[in-house]
Amino acid sequence: MKAVVLTLAVLFLTGSQARHFWQQDDPQSSWDRVKDFATVYVEAIKDSGRDYVAQFEASALGKQLNLKLLDNWDTLASTLSKVREQLGPVTQEFWDNLEKETASLRQEMHKDLEEVKQKVQPYLDEFQKKWHEEVEIYRQKVAPLGEEFREGARQKVQELQDKLSPLAQELRDRARAHVETLRQQLAPYSDDLRQRLTARLEALKEGGGSLAEYHAKASEQLKALGEKAKPVLEDLRQGLLPVLESLKVSILAAIDEASKKLNAQ
């Protein structure tokens, strides 16, 4: 049930910090979230890709071609891991600088979110209470029907479904009514939050810390990131050349062997 309320809260207050805001957890840094996601994604691709390569090499065609793809895949995975390790400090520095530049704005927005949260919490609590009551009423109405079904035969299945349908529809209608009431209650606070954000951004423009300045600083950081990443990417290119050349030689050898067999026939 708590998940229902939290979901509605997230829909009401969108943003990357919404989950931590409502659960009162210490928010994970933006860079940590990006880094964790990228690590999981890359590892999943690497593992699944290796499985496919292993399956192909174990097949009759793979054995006949003898391309040694698995060896090349492991070499490639090792090279990519080294690149990721080398780029880690560079991207960390970029993200740290960007977070410092926007720290003031984020602090002000966090204060606004906390204030709005205190105002809307009673409405969320009331919604949760009413939802509990509706579910309990539905359970009490359905319980006798379940007992009746257990005591009856299969022919009563349709009869049971006919009795359950209006009860389920009633629960859905009442739930929609409660959600609509909650939406109307929260609407003014949602508008208030949007107005606060607009005011914060307007204050940035008038105070000299304009959005254009933030954009310029972010562009500078991205440019610096690109310059620092160039040598690492060049190392990656050099590391891939032997792998690609080995793969090319294996494929050409397989084609040549196949041609000889065809000519011999």
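Every residue, even glycine, has its Cβ placed from backbone N, Cα and C.
Taken verbatim from Swiss-Prot:
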- Met109: methionine sulfoxide (MOD_RES)
- 67-265: region '10 X approximate tandem repeats' (REGION)
- 67-88: repeat '1' (REPEAT)
- 89-110: repeat '2' (REPEAT)
- 111-121: repeat '3' (REPEAT)
- 122-143: repeat '4' (REPEAT)
- 144-165: repeat '5' (REPEAT)
- 166-187: repeat '6' (REPEAT)
- 188-209: repeat '7' (REPEAT)
- 210-230: repeat '8' (REPEAT)
- 231-241: repeat '9' (REPEAT)
- 242-265: repeat '10' (REPEAT)
- 1-18: signal peptide (SIGNAL)
Over the repeat '7' (188-209), what is the model's mean pLDDT?
71
The residue listed as 'methionine sulfoxide' CB neighbourhood, other CB atoms within 10 A:
17
Can you count helix, strand and coil residues in the repeat '4' (122-143) using DSSP?
22 helix, 0 strand, 0 coil
Please list the DSSP helix, strand and coil residue counts for the repeat '6' (166-187).
22 helix, 0 strand, 0 coil
